Protein chains: 6
Amino acid sequence: MDKSIIRAKTLVEALPYIQMFNNKIIVIKYGGSAMIDAELKMSVIKDISLMKLVGIKPVVVHGGGKKISEMLVKIGKEPKFIQGLRVTDDETMEIAEMVLSGNVNKEIVQLFEKQGIKSVGISGKDGRSIIAKKKLLDGLDIGWVGEIDTIQTELITALIENDFIPVIAPIACDENNNTYNINADYVAGAIAAKLGAEKLIYLTDVEGVLRDVKDKTSLISKIKVDEIQRYKDDKIIQGGMIPKVDCCAESIKNGVAGVHILDGRVEHSILLELFTNSGIGTMLMP
Amino acid sequence: MDKSIIRAKTLVEALPYIQMFNNKIIVIKYGGSAMIDAELKMSVIKDISLMKLVGIKPVVVHGGGKKISEMLVKIGKEPKFIQGLRVTDDETMEIAEMVLSGNVNKEIVQLFEKQGIKSVGISGKDGRSIIAKKKLLDGLDIGWVGEIDTIQTELITALIENDFIPVIAPIACDENNNTYNINADYVAGAIAAKLGAEKLIYLTDVEGVLRDVKDKTSLISKIKVDEIQRYKDDKIIQGGMIPKVDCCAESIKNGVAGVHILDGRVEHSILLELFTNSGIGTMLMP
Amino acid sequence: MDKSIIRAKTLVEALPYIQMFNNKIIVIKYGGSAMIDAELKMSVIKDISLMKLVGIKPVVVHGGGKKISEMLVKIGKEPKFIQGLRVTDDETMEIAEMVLSGNVNKEIVQLFEKQGIKSVGISGKDGRSIIAKKKLLDGLDIGWVGEIDTIQTELITALIENDFIPVIAPIACDENNNTYNINADYVAGAIAAKLGAEKLIYLTDVEGVLRDVKDKTSLISKIKVDEIQRYKDDKIIQGGMIPKVDCCAESIKNGVAGVHILDGRVEHSILLELFTNSGIGTMLMP
Amino acid sequence: MDKSIIRAKTLVEALPYIQMFNNKIIVIKYGGSAMIDAELKMSVIKDISLMKLVGIKPVVVHGGGKKISEMLVKIGKEPKFIQGLRVTDDETMEIAEMVLSGNVNKEIVQLFEKQGIKSVGISGKDGRSIIAKKKLLDGLDIGWVGEIDTIQTELITALIENDFIPVIAPIACDENNNTYNINADYVAGAIAAKLGAEKLIYLTDVEGVLRDVKDKTSLISKIKVDEIQRYKDDKIIQGGMIPKVDCCAESIKNGVAGVHILDGRVEHSILLELFTNSGIGTMLMP
Amino acid sequence: MDKSIIRAKTLVEALPYIQMFNNKIIVIKYGGSAMIDAELKMSVIKDISLMKLVGIKPVVVHGGGKKISEMLVKIGKEPKFIQGLRVTDDETMEIAEMVLSGNVNKEIVQLFEKQGIKSVGISGKDGRSIIAKKKLLDGLDIGWVGEIDTIQTELITALIENDFIPVIAPIACDENNNTYNINADYVAGAIAAKLGAEKLIYLTDVEGVLRDVKDKTSLISKIKVDEIQRYKDDKIIQGGMIPKVDCCAESIKNGVAGVHILDGRVEHSILLELFTNSGIGTMLMP
Amino acid sequence: MDKSIIRAKTLVEALPYIQMFNNKIIVIKYGGSAMIDAELKMSVIKDISLMKLVGIKPVVVHGGGKKISEMLVKIGKEPKFIQGLRVTDDETMEIAEMVLSGNVNKEIVQLFEKQGIKSVGISGKDGRSIIAKKKLLDGLDIGWVGEIDTIQTELITALIENDFIPVIAPIACDENNNTYNINADYVAGAIAAKLGAEKLIYLTDVEGVLRDVKDKTSLISKIKVDEIQRYKDDKIIQGGMIPKVDCCAESIKNGVAGVHILDGRVEHSILLELFTNSGIGTMLMP
């Protein structure tokens, strides 16, 4: 019984947090380990399900690079990367789309539906939600790697209003009917900005921004957009973290109230960040 | 951190319960100690606030007999009762209405608003929500004690649809402009039935129905409507519990899916009953 | 028969007036003798009922000072005033709220409902409609006498749209959960302004603004806001009329098209003013 | 001033009548002297305008036989009748339609609009509101005289919902594109029935049903449908009154709550009948 | 079969045109030969019916001068014109209204209804859609010839939203209850501008604007508004074409995207212009 | 020009057909050659685009067996069939879903979007639109081959109402989170029935039902449901046509007004069947 009362108290303690985000759109970039480990997967799905039930409007954007590479290997094709970007010829693009739109995307939907939560899996092609253009790598054409030209939220908004969680694969087309693979981080950022989301959450495989990359206790909890440059100068934000932080900064400039870089390897990291005082990642804010 | 994860897990464990009651109307009869003790008061208000935020539509019906008696004493009038019913002359009726509609009712509203939860305090007079007629006590006229003639839910429904919690004082009038004081238990039951509520919750000062009234561990968790007579025959349901149980049975016959008799002296008793497996009271069901 | 034809003609003559106010909000400050004399009471209720039926949207704000004093006396407490403002300690505030929200307010509702007109009695606490702050009297704290900080019309508007007449008691709370008694004239003015009311009508116990206060035939029918100062200089507007006129002027500056000071002691004074050419009070206008 | 108070009282006395018909559809067959005498015309228009403003939904059906005959004479054609029905060749039909739809109909609209009341003039052709078929006179073809085959209320309802008074000319077409002139009494009856009107009012040039046709004081105020036969047997309902009463009876059988035969030569006869106790005509009822 | 495939291809070729005008308002001024020749009449009605069915919102404005003159002759009155404007005394006005509102207007409605297309015939009097004032001819009063003072689109918009084609006769009244006959070209232009129509189409009895009025192959397909003056200077736009072109220019200045002067003597001229590449008339554009 | 007029006439001739299907739901099972040949593909997309633009509500269900087999071969796995049903182990199921939901489905969407037609690609998993259960082949388990248990049209209806064409891949899950491949013919039939579709169209690689399978001119244009048995007895309906016809019959029994078996190898076969008199396939009807 005492345990039950503690439970009830816990629920009640979540009250102000629930209130704060009521009716707000929160975009979650779902990727990394949290998309592979079965237990973490369920933990993320449950966190987002709870968000939905307490009146938040979640939108999920997912990646799936690892699965694409596995499938390429299966058909006897070696994945190739230049500066971290996948070299994407026609066949690779076809496989990438099948894996993202036809496998990863639908699996997430299926997990939500299993929880009794209504969701719909789409890609940027559906409702022409994302129009892309070719992205060059320092002038080099590496195939069907795209960058975002335009976001059209008509379909996403219709799904939200009809009470579905939109689950979005980062695939888009251009005016000439070409298909592109786009970095899911950018897609999440652009959609959050266009929807006027309250928050954008990146599930990553790092703790957040660390003052000393070797010291996991050196997490920086809050960074203001105008402090970013100083952190870069001090080499605190460096390497792979730079594009992610830039993408966060961009979203904030476009009106998202806060962007969270969370450690997706921690169970219930989203709830911990949103619904308790124990913020566990790094929050970027205006 | 570990404590935080336990919190997050607790929230997630509430998922199926939240889902079960999503968008459902739950009527709470608020009375007894839970309306007097300051801490219990806040616990009830927070429980109902949480219900509201997670998508449930609560309706509150309250009593206030103790406060009425205090006020009567204040104006130098001794409260009189016959068989538990208050003898209600004109002056008593005027005081009763002022206390219920003007004091108790507005205090509850104020507590909700303090939590940031929109609510509106009404009595059965507003929108002609309750039409009453005189209740005789074995043929004896004991004044302005009423019983329910008709419930009109137009106002209550409008308030719910406009996202307010209706807080209802058990005062009503008749076609001849007389004012009546009505037993709040009956009001809660009749409104729950008319609204097609999913659940009706009675906050009382007992543990529920006890198999042995002296043994608090002998709580009966579930009673089917057609078992009531047997429990009465066995003197398990007896005394003051009889009218309450009859009132519950009536609501269930009119379509309420479940009626809970809870111990309002236990903190967060509503959440314990609805959102955890540790049912703490007695549930009557069809 | 001839009498009937005169009746029909009278109805038809009201046509242009009815048209003029169709669908418009008119706020009525209900107070003074018209709230005490039984016949006048019915006359006001019927006037407002007719307004409602011919497509006007009335909102009623009421006072009740006399009843408060009576109740205070009943509990053996002498009412105290400084410069016309009631000294309001905790007990006085409790009594004031009970009388206004639990007695006067509900009686008005009951009278409307008796006429078959849907109405709802609320105070400034319901839906957090009025947020107040303490009003000092030249720096002196005289207790829970409040002035208006904010008006929130969400609930009032919802009631109007659902076809109820809102009846409002001038009680409010602040962010710290304190309860205040506010001058009903100010409440009526502030609500009229916030709702963008077409008209604001004060039922008073004077004829209106008289050029010569001893000569009841010296009524001034229309005063433009920018003439007020001159009338004050000429001592035509003086004494208790000054705050009332200032309050009217404030409402007009905030967008109310016309404010009427009517003699509530005259039967059907509202209809006389609105629906016939015989304006009977003083109208302030931009 | 006293006169004004009497006026106000008169308005208030209309309260229960206004309430009774609030939001109800009332169909008025407008014809006879009330359509010719300029003063009576204004009296009818004002009565209906008032009905509209106090929340009733009037629908006007008009005739215009006299004007048709005048126009026929103007083009040198003698109007011909058999048993009261106009012999309607092609040319007559063309003139009849022009007069009804292009003259009488638009004049009524213009009078309403002059009063500031929104109205729209249509014929049975618009929105295919009336489908007709040829009416034979004891097997005799007398031209384009039609009887009603089907009423389609889609357009009429849309106009009512958009706050216009529909003004309907009794012209219709059939599936083969022929145009028919239909008796306006039948049109009014059929439309009232199809719309589920509360009342149907016939403005005629008689006092109503008289017990003794020579004694104007022998008016029968109320006739139940099942008494009609007896009145016919007693020769109290006879001659031209028979088809009118049959038409009333038909409407009542189809759900109209009351049908009034009024003397349109009396000023404000509609208001007298609806809004005062001095019923002036004969009411047929179930 | 081959013929059928050609048909199917034809339908498919119309796709981009249909798309272009989807949900757009197109105002058609219907007049000239296309209103007299039976076959052309059906061709116009079918073109507009098709427009309606493929998602365009057509509004029809019609003239009818020839029919008015015929009717005047019929009653023995000779039609009189000064500078092309009809001298309109009271009797002429009455006949003109009957012919336009009661004959031409209803015939068009009937033809649409025959096609299964919902339509409603109104004049500028209905819903006070057109308010007119007297038009003087160089200071000369030639009777009830009006010019447009105000357009009120409330009724027209309500009809469009309820899925009816509004068919409008160019008759209007003023504030003093006078009736006026207005040039239908001006009515079409003013209504198109007020409705924010995408296109305005004039069905005329000429090919369009010809570079050489004697050479039918010298049609000018497109004229920009700022080229008009030059065409006037060059005497290419001259005579009766000047007011029409000025009226088009006016509409374009008021926001209509394109105005087409089409030859109504060519079968299906509207479809040819809108749905194929073979533009057949002159289009004026910004 | 003459050619243009013929085009205009062709459009006008489609009028009654367009009218007939206005606002109706038509389900198209898209498969066979029409999904492979590039030109036929565009012809189908354009036909459906035109349907959408003229007010029909198309829903597309597609197959893709050939592409699945190709992909299986690519990963070195030989497709296996028993009695025409694909033996579907885990790996095959994963590939099938990727091909159907991630490739074929999105390609169709992309083609619509290229035409400027809004569409959304979903599978039966999205919005839990299709719940499946395992289908046994005469008691034999051949893997993840499913049959339909339940259709939930909430998502499909929301997409239609938001003006998107739903494009549906025949993939579904069950309560235990398993994924199934379902015959697209059955999916189309079940969805048409549940949506209350007006028509269901099967694009196949045969001419329809032939009286003599070797004589392509022996096409049977119309078959009533109760004639099917006779045709089976006469061996006219035989072999692979039997399940298809049974599926059609089932849809008709469930309320679809007509089911068409069309030859998808004929260009614009859908338009030919729906919008011209040259029905080209076999129509089954009640």
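Every residue gets a Cβ built from N, Cα and C, even glycine.
Nobody curates TrEMBL annotations by hand; they come from automatic prediction.
Taken verbatim from TrEMBL:
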- F:24-263: domain 'Aspartate/glutamate/uridylate kinase' (DOMAIN)
- F:Lys29: site 'Transition state stabilizer' (SITE)
- F:Gly64, F:Gly65, F:Arg86, F:Asn181: substrate binding site (BINDING)
- F:Lys244: site 'Transition state stabilizer' (SITE)
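Rounded to a whole value, the Cα-Cα separation of F:Lys244 (site 'Transition state stabilizer') and F:Lys29 (site 'Transition state stabilizer') is 12 Å.
Here the binding-site residues are F:Gly64, F:Gly65, and the one ringed by the most other CB atoms within 10 angstroms is F:Gly64. Across the domain 'Aspartate/glutamate/uridylate kinase' (F:24-263), the model assigns an average pLDDT of 95.
In sequence order, F:Val61, F:His62, F:Gly63, F:Ala184, F:Asp185, F:Ala188, F:Leu200, F:Ile201, F:Tyr202, F:Leu203 are the residues of the chain that are 6 or more apart from F:Lys29 (site 'Transition state stabilizer') and have a CB within less than 8 Å of its CB. Around the Cβ of F:Asn181 (substrate binding site), 27 further Cβ atoms fall within 10 Å across all displayed protein chains. Sequence-distant neighbours of F:Arg86 (substrate binding site) (same chain, 6+ residues apart, CB-CB distance under 8 A): F:Gly65, F:Ile68, F:Pro79, F:Lys80, F:Thr92, F:Ala96, F:Ile142, F:Val145, F:Asn181. Filtering the recorded positions F:Gly64, F:Gly65, F:Arg86, F:Lys244 for a Cβ under 8 angstroms from any Cβ of chain B leaves an empty list. Its Cβ placed at the centre, F:Lys244 (site 'Transition state stabilizer') has 21 other Cβ atoms within 10 Å.
Listed in chain order, the residues near the substrate site other than F:Gly64, F:Gly65, F:Arg86, F:Asn181 are F:Gly63, F:Ile68, F:Ser69, F:Ala96, F:Val99, F:Leu100, F:Pro170, each with its Cβ within 8 Å of the site Cβ centroid.
Largest Cα-to-Cα span within the substrate-binding set F:Gly64, F:Gly65, F:Arg86, F:Asn181: 12 Å. Look at F:Lys244 (site 'Transition state stabilizer'): DSSP puts it in a helix.
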